[in-house]
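Engineer: Dropping a structure here in structure tokens format, bear with me for questions.
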Number of protein chains: 2
Amino acid sequence: MSGGRARPDEAGLIARFFRPLATSPGAAELLDDAATVPHAFGKELVVTTDAIVAGVHFFADDPADAVARKALRVNLSDLAAKGARPFGYLLTLALPGRWDEDWLEGFAEGLAADQEEFGVSLLGGDTVLSPAGLFVSVTAFGHAGEGQVPRRTGAAPGQRLYVTGAIGDAALGLMLRRDDRLAAHWDLRRADREALLDRYLLPEPRVALAGVVGSYATAAMDVSDGLVGDAGKLADASRVGAVIDAARIPLSPAAARATRADPAALTTALTGGDDYEILLAIDPDDADAFEAEAAGAGVRVTDIGALVEESGVRIERQGEALSFGAGSYSHF
Amino acid sequence: MSGGRARPDEAGLIARFFRPLATSPGAAELLDDAATVPHAFGKELVVTTDAIVAGVHFFADDPADAVARKALRVNLSDLAAKGARPFGYLLTLALPGRWDEDWLEGFAEGLAADQEEFGVSLLGGDTVLSPAGLFVSVTAFGHAGEGQVPRRTGAAPGQRLYVTGAIGDAALGLMLRRDDRLAAHWDLRRADREALLDRYLLPEPRVALAGVVGSYATAAMDVSDGLVGDAGKLADASRVGAVIDAARIPLSPAAARATRADPAALTTALTGGDDYEILLAIDPDDADAFEAEAAGAGVRVTDIGALVEESGVRIERQGEALSFGAGSYSHF
């Protein structure tokens, strides 16, 4: 965000950078004060909002396209965890005084790329000057099957606990971003280091799994504040407990290397934030069908443990309980 | 926002201050990652988002309840201008490091008062720390009659231009807030001064007129950046022009006194921001019925001029054109 060329006013900025993204008819080409959202018969409309702030959720010098995509993706992750396929979003962009056109062009390019990847349209938004710093708030809209919005509250003892993808990469990536010497300490190869840094920069929301989540999950949420803590939130909301087998928790090759070299990295991996994977409870009778459909959707899912009567989350390794302190990363 | 007692964490903060506001079933008591929005048959779902930033849209030392209400009301104003009655909203609150519980209690009380007044429920949201400063973003949801969402684009030559309420109070109030000596310069009585300051602090969205707007307006928008400039936006979007009779523009007693004492105050009144009134085009054959229904809804409406073929906005006094420079206030 260095100074640069002359800058357009707000209307010019919207026309140039954001109008091309407003492909939905209800967005009225961003020329109006509000958008209309079409109803889809037999579907539930699901909405979520999450904001990211420079210095809290991302680094002020992150590439503009990555900031835009992260802001969108953390919301798409919430929708996917509720069984909803996204179709649109509202964007509120608070720009510090020193933005320039190059930055905004990169930001819009990031949105355009993700609109293409995830099939969504910009529906509207607001652009404000923020004396204080860069701030991006997104409200995302999706459709789920009627009665197929899993809450956090539906898990029951005897059900299996699954998680998508791999856990811990983003939290390790954030640590690396803050202290690059950890790459050596964790015995990482160059590709491992890049993979962890990338995963922090750009979450991979499990949009492709949304329909399967809606069909099978008895409870679900996205893992954004650390697996251990978020498993606790899901279990508490459902008034059950969880026993997780540490050996089953899916780790990427990079995270596996780091945790072998430094056992403390395992704590980071399991309690750090920014995974944006989906944690879900599945009835054991449905487990085979769920796994098959998830494979069909191209999303890896792993059975990491069981839901039990006794409250709390217990992480076990060969029958011994591991302890993880607070268990959660707080962005607040 | 002075320092104070010990502060709860994010979950505690939500439970204490915001859960009581989440009265809609779709909000899932704010215990989930997303909300569901009910479909209303025969209605259009209208959504809008507007953010307010300390130092740009309000003063950092404004009362917390007024900040909350302003953030909500500027969005309800957009919905009303699109013929939509509000039913819910998402709230993103970015809190600076030095927030305290008293401030947040006032903020929540302001929301509770407006939820009661306007019949809306908190549906969900996000709370983040903002190293930079206070920032409030609201996404509001409303229902309009099917096919009854007036855009900015439907006005035609020969139609009448109406505006609700009174114009200019908030812009004059903002000037007074910045320089209290203007109260004497404008010959204001104490009650006038209070009225203008109040109107800047707290907009009065014309929610009661939403249904009437939807039934009668061929084009509509809310006046947030000054009457002259916003009339130009509506006229441009409809590819028409407007001729406004300055003598007909509705002024409050306080604004009338100020503009009599200081002609420059009229420019402020007609080009300043923050009116949150509705500007709308009405077919002359519908004018009597529109005025009657508006009176029934308890909202004052005034015919201020005509839409014409020739582009641009002309403000006339006794046949002479007045000039207002830029015509718009920019919050950006």
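Cβ coordinates are placed from backbone N, Cα and C, and glycine is handled just like the others.
The domain 'PurM-like N-terminal' annotation in TrEMBL covers A:32-143. Taken from TrEMBL, the feature Mg(2+) 3 binding site covers A:Asp33, A:Asp78, A:Asp222. Under the heading Mg(2+) 4 binding site, TrEMBL lists A:Asp33, A:Thr48, A:Asp78. What TrEMBL records for A:Thr49, A:Asp50, A:Asp126 is Mg(2+) 1 binding site. Annotated Mg(2+) 2 binding site per TrEMBL: A:Asp50, A:Asp78, in sequence order. The annotation substrate binding site is assigned in TrEMBL to A:His57, A:Asp274, A:Tyr329. The ATP binding site annotation in TrEMBL covers A:Gly125, A:Asp126, A:Arg152, A:Ser224. Feature annotation from TrEMBL assigns domain 'PurM-like C-terminal' to A:157-315. Under the heading Mg(2+) 5 binding site, TrEMBL lists A:Asp225.
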Engineer: Taking Cα atoms as reference points, rank the binding-site residues A:Asp33, A:Thr49, A:Asp78, A:Asp274 by distance from A:Gly125 (ATP binding site) and give the first.
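Structural biologist: Nearest candidate: A:Asp33.
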Engineer: Per DSSP, A:Ser224 (ATP binding site) is which: helix, strand or coil?
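Structural biologist: DSSP call for A:Ser224 (ATP binding site): coil, neither helix nor strand.
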Engineer: Among the binding-site residues A:Thr49, A:Asp50, A:Gly125, A:Asp222, A:Asp225, A:Asp274, state which ones have a Cβ less than 8 Å from a Cβ of chain B, giving them in sequence order; state 'none' otherwise.
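Structural biologist: Correct list, in sequence order: A:Thr49, A:Asp50, A:Gly125, A:Asp222.
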Engineer: If you draw a 10 Å sphere on the Cβ of A:Asp225 (Mg(2+) 5 binding site), how many other Cβ atoms land inside?
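Structural biologist: Excluding its own Cβ, the number within 10 Å is 22.
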Engineer: Using DSSP reduced to three states, classify A:His57 (substrate binding site) as helix, strand or coil.
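Structural biologist: The three-state answer is coil.
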Engineer: What does the structure give for the C-alpha distance between A:Asp222 (Mg(2+) 3 binding site) and A:Asp126 (Mg(2+) 1 binding site)? Integer Å is fine.
Structural biologist: 27
Engineer: Out of A:Asp33, A:His57, A:Asp78, A:Asp225, give those binding-site residues positioned within 10 angstroms of A:Thr49 (Mg(2+) 1 binding site), comparing C-alpha atoms, in sequence order.
Structural biologist: A:Asp78
Engineer: Compute the C-alpha separation of A:His57 (substrate binding site) from A:Asp50 (Mg(2+) 1 binding site), stating it in Å without decimals.
Structural biologist: 11
Engineer: Report, in whole Å, the straight Cα-to-Cα distance of A:Asp274 (substrate binding site) from A:Asp33 (Mg(2+) 3 binding site).
Structural biologist: 33
Engineer: Taking the Cβ of A:Thr48 (Mg(2+) 4 binding site) as centre, how many other Cβ atoms lie within 10 Å?
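Structural biologist: That number is 30.
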Engineer: In Å, rounded, how far does the Cα of A:Asp50 (Mg(2+) 1 binding site) sit from the Cα of A:Asp78 (Mg(2+) 3 binding site)?
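Structural biologist: The Cα atom of A:Asp50 (Mg(2+) 1 binding site) is 9 Å away from the Cα atom of A:Asp78 (Mg(2+) 3 binding site).
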Engineer: Cα within 10 Å of A:Asp274 (substrate binding site): which of the binding-site residues A:Thr48, A:Asp78, A:Asp126, A:Arg152, A:Ser224, A:Asp225 qualify?
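Structural biologist: Final answer, ordered: A:Ser224, A:Asp225.
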Engineer: Provide the three-state secondary structure of A:Asp126 (Mg(2+) 1 binding site) computed with DSSP.
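Structural biologist: DSSP assigns A:Asp126 (Mg(2+) 1 binding site) to strand.
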